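The structure appears below as structure tokens.
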Amino acid sequence: MGRCLTKKVFLIQSPILFLHLLISLSSGAVKPDLKGVCVSKGGRFPPYELEGKPPKSVGRGSKDLTLCRVFRKKTCCSSVQTNPAFVAVRNLATYGEASQECLELFELLECSICNPNVGIQPGPPRICASFCDRVFEACKDAYFASNALKRVIGPCGVNDDIICIKASNWESNGTSFCEAAGFAVQRNDDSREKPCYGSKASLESVVESWSRDSRKETPLKTETLSCFKDLLQWVREMTTIQKISLGMSFLIAGMFLIRQSNNRNQKQRLAAIQRTARRLRGNGNGDSYSAAINRRTSSD
């Protein structure tokens, strides 16, 4: 693909990678010596299983997080928290008519509960007002519904079609939108006494850390990642007909490789039989046996 088509592949062109970057950038100034214990958020957020214990890493496999996995190295979350967040994002994608940017930012908002700094703070997740404004601006035309039981708004679900309206009809700005969704909002993003999720200071510190990690990558890893991004973008931009054609090409190529492998295996088996025949030439029967094998090979 001409050295992977191009080197200029931006993360924003790949929604999955862009989302992971957004989560990393908004993860707050997570420090290795983070102290404190997990405090359940109350409201619509399920209690932490680590209530009263410090945040810890989450293993992969059956105990892995169903969402927000960027925080698995240090978090108060378990699947108890990420399952509802996963459902909310899925509903927004399925019924909310949300843009890609809205989906990414709303998932980032839902994942705030898994940020270790947020986990040790009392009360609902404290979100920076500037970040709430970004989420609302991206999601104001997406459809949300009011949950009468939990007294919050959330993405429309399968049973919410009657009272499903645009976010801009529920609230008029980012602060009221976040509060209506069950979050606390902090107006001063740069407060050191009370850090909030998505502050400018935390973004800059994590960007610097992320840049250091990126420079440590080997050229081979960087090249491989670039190739993967280019291939992913190329496939996304293909039409349905082109994707079907590409799939058929892969199928035909696979069948050709299987046939080649079978032919090679058959030749290897015949060669082994011939070697055995040559070892038997010491007796009379061996010569006739070898001749028979040679005739079989010639006929094939």
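Indices start at 1 and increase along the chain as displayed.
Cβ coordinates are placed from backbone N, Cα and C, and glycine is handled just like the others.
Between C76 and the candidates C38, C114, C128, Swiss-Prot records the disulphide pairing with C38. Checking C114, C128, C132 against Swiss-Prot, the residue bonded to C77 by a disulphide is C114. The cysteine that Swiss-Prot pairs with C132 in a disulfide, picked from C68, C102, C164, C178, is C178. Among the candidates C68, C128, C139, the disulfide partner that Swiss-Prot records for C111 is C68. Secondary structure at C68 (disulfide bond), as computed by DSSP, is coil.
Of all the disulfide-bonded residues listed (C68, C77), C77 sits in the most crowded Cβ setting, with the most other Cβ atoms within 10 Å. Of all the disulfide-bonded residues listed here (C38, C132), it is C38 whose C-beta has the fewest other C-beta atoms within 10 angstroms. The CA atom of C38 (disulfide bond) is located 17 Å away from the CA atom of C68 (disulfide bond).
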